[in-house]
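Structure, as structure tokens:
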Amino acid sequence: MLKDEVLQLVDKGLMLPLMEEFYTIQGEGYHKGTAAYFIRVGGCDVGCHWCDVKESWNAGTHPPTSIDAIVENAAKYSDTIVVTGGEPLTWDMNPLTRALKTKNLQTHIETSGAYKLTGEWDWICLSPKKNKLPEGIIYKKAHELKVIVYNKHDFIFAEEQAAKVNKNCILYLQPEWSVSDKIVPKIVDYVMENPKWKVSLQTHKYLNIP
Ligand SMILES: C[S@@+](CC[C@H](N)C(=O)[O-])C[C@H]1O[C@@H](n2cnc3c(N)ncnc32)[C@H](O)[C@@H]1O
Ligand SMILES: Nc1nc2[nH]cc(C(=O)O)c2c(=O)[nH]1
Ligand code: SF4
Ligand SMILES: [Mg+2]
């Protein structure tokens, strides 16, 4: 296919820069412990300094892949599909989720909410970032809010974000991995004092799975 043609298809969300896909156990948040197929889409310019998948940022390093091929493959592994990245909302997620829904698959997204919400989602995990705050409707639609705690100020940020989500949204504090030893005791104290919050750990990293 010609380069321009590919770019147009990516622009329409009919092709996506696919970094990796894998069948694993959802490690984080409400669905932790549940088997799911992960689709990791490249491209993110939010720039979290502690991001654990910086290799995903440059969309140009990941092959544009047709969503039909992605969906055909995903359906073989699981009925729960987690779309992550990179920042999946960099792209139009409507075609991908429509195709997943045609196969009766459950669609979950991991997103910072930094860009316009597209796609049809059964579960939205919103993990807002200070450097590019979510806008608009996603606060009303999120099923879980997962704030990464790197330092003490992140508790204040977490409360600001919790004030914006819908009343059914489940609230999680997740330690930033590299400072876990130091920050976990602070999160534990905070959750005991503010029990509307729950702890989320990156359990896949303890299980040594993707
Ligand atoms: C890599 S991001 C991709 C999806 C989207 N860009 C986002 O940030 O929500 C997937 C999840 O991992 C979290 N995460 C990334 N780096 C982390 C780290 N070093 N420690 C803990 N959680 C991290 C993000 O906040 C997000 O909830
Ligand atoms: N097992 C597993 N669970 C996850 N939950 C969210 C992840 C992500 O990177 O979006 C992730 C991941 O990379 N692996
Ligand atoms: S928004 Fe997500 S993918 Fe992008 S830098 Fe932050 S954690 Fe990494
Ligand atoms: Mg991850």
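Including glycine, each Cβ sits where the backbone N, Cα and C put it.
Automated prediction, rather than curation, is the source of TrEMBL annotations.
TrEMBL names W50, C51, D52, S127, P128, K129 as S-adenosyl-L-methionine ligands; from the candidate set G13, G86, the record adds G86 to that same site. Cα-Cα distances to C44 ([4Fe-4S] cluster binding site) place G86 within 10 Å, out of the binding-site residues Q26, W50, T84, G86, S127, P128. On its own chain, D52 (S-adenosyl-L-methionine binding site) has W177 as residues at least 6 apart in sequence with a Cβ closer than 8 Å to its own Cβ. Ranked by Cβ neighbours within 10 A across all protein chains shown, the binding-site residues G86, P128, P210 are led by G86.
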